[in-house]
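> Once you've had a glance at the structure underneath, I'll fire off some questions.
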Amino acid sequence: MVQVNSNYLKLKAGYLFPEIARRIKSFSEANPDAALIRLGIGDVTEPLPLACRNAMKVAIDEMGTNTGFHGYGPEQGYDWLRKAIAKHDFQTKGCQINAEEIFVSDGSKCDSSNILDILGSSNRIAVTDPVYPVYVDSNVMAGRTGDANQSGRYAGLSYLPINAENGFAAKIPSEPVDLIYLCFPNNPTGAVATRAQLQEWVNYARTNSVLILFDAAYEAFIQNPDLPHSIYEIEGARECAIEFRSFSKNAGFTGTRCAFTVVPKGLKGKSDDGSDVELWNLWNRRQSTKFNGVSYIIQRGAEAVYSAQGQGEINALVSFYMRNAAIIRRELTAAGIEVHGGEHAPYVWLKTPDDMDSWGFFDHLLQNAHVVGTPGSGFGAAGEGYFRLSAFNSRVNVDEAMRRIRAL
């Protein structure tokens, strides 16, 4: 009989969001008339920008002609999109990133997991706690951890607590690590890093030969012009960091799928014999072997993000969701609930009232307010006693959800 990958058996009972879906399904079957408002999973709700829709329509029509048809595209992405990304997202901010260093993909979630394909299994790994679960679970699946303890923490991972006491800013690891995941603006806490904080991480990584995997999926939501959007705005980051970005949240591409990863040329790791190896070459080889590229139609839609019309429309989308976040913060604060985040990120991280545990508060909101959020403990042991609410919904639903919560 075929052997399974037993590392999957080490995973906790369920990935956070499937467990939420299971509880919602059970509740909805018992309460079919309940009008649920979902402020849980970070899926957008507003329509795709018109500039992107029009660009995709043109691309579809092109595909219906002999001269405009496109089959397999380059695995790394079309040059015109890579150049637009490099120019608008990096070079305009002083980052020395060129088009060849951009790899277009179908999701930063995929890339942050798939990057493990090119990294050795003996690397010592650090994650924040709480943390986006994919970083942990992908390492478990790949056999890079031991078993989980009672709190859900896995042997072989270094956990860096982030909480109100430390301003949701992890401290530099006290034990040696080779690989660290950083996410700013942070999911789930909504915290953001200053230039000085990122410079400290880059200095640490360069001094200790550590690779930073930097998730910047929510950078478009940063409101303060003095805060960095990319780790490559920090001196020395090209030598120690890979960055993941996405069109999902700023341009509403959760259903159309387009993202990109930046792997600077010259960024190196060690082979088994101790020689230096460029990670760009390995990632390029990995993508060429395991990925067929994002569709031409979708990439044309993503390119339109960088048009004048597209920029105006995605800025309006971001402003819409950030207004939702401001409403959530205001109403929860008025209800006497301690809140964090929601100022430079579409997530509000709240302290559960009355010492309720995270899943208890989830069930409380579901049963009594018919509002769905995300239990903080699902993001790690240090998330216990916290809860995440997402700003991704209509204004009407956000207002109604807050009315219901305040009425509890």
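For all residues, glycine too, the Cβ spot is worked out from N, Cα and C.
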> The pyridoxal 5'-phosphate site in Swiss-Prot lists Y72, S108, K109, Y132, N187, S246, F247, S248, R257, N292. Which one of Y8, Y218, Y321, Y386 belongs there according to the record?
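Matched candidate out of Y8, Y218, Y321, Y386, per Swiss-Prot for pyridoxal 5'-phosphate with Y72, S108, K109, Y132, N187, S246, F247, S248, R257, N292: Y218.
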> Any idea what the Cα distance is from Y72 (pyridoxal 5'-phosphate binding site) over to N292 (substrate binding site), rounded to a whole Å?
7
> Based on the record's binding annotation for pyridoxal 5'-phosphate (Y72, S108, K109, Y132, N187, Y218, S246, F247, S248, R257, N292), what whole-number value in Å is the widest Cα to Cα distance?
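Greatest Cα-Cα span of the listed binding residues: 34 Å.
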> List the same-chain residues at least 6 positions away in sequence whose Cβ sits under 8 Å from the Cβ of N187 (substrate binding site), in sequence order, or say none.
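G42, Y132, D215, A217, Y218, A345, Y347 - these are the non-local Cβ neighbours of N187 (substrate binding site), listed in sequence order.
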> Where does G42 (substrate binding site) sit in the DSSP three-state scheme?
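In three-state terms, G42 (substrate binding site) counts as coil.
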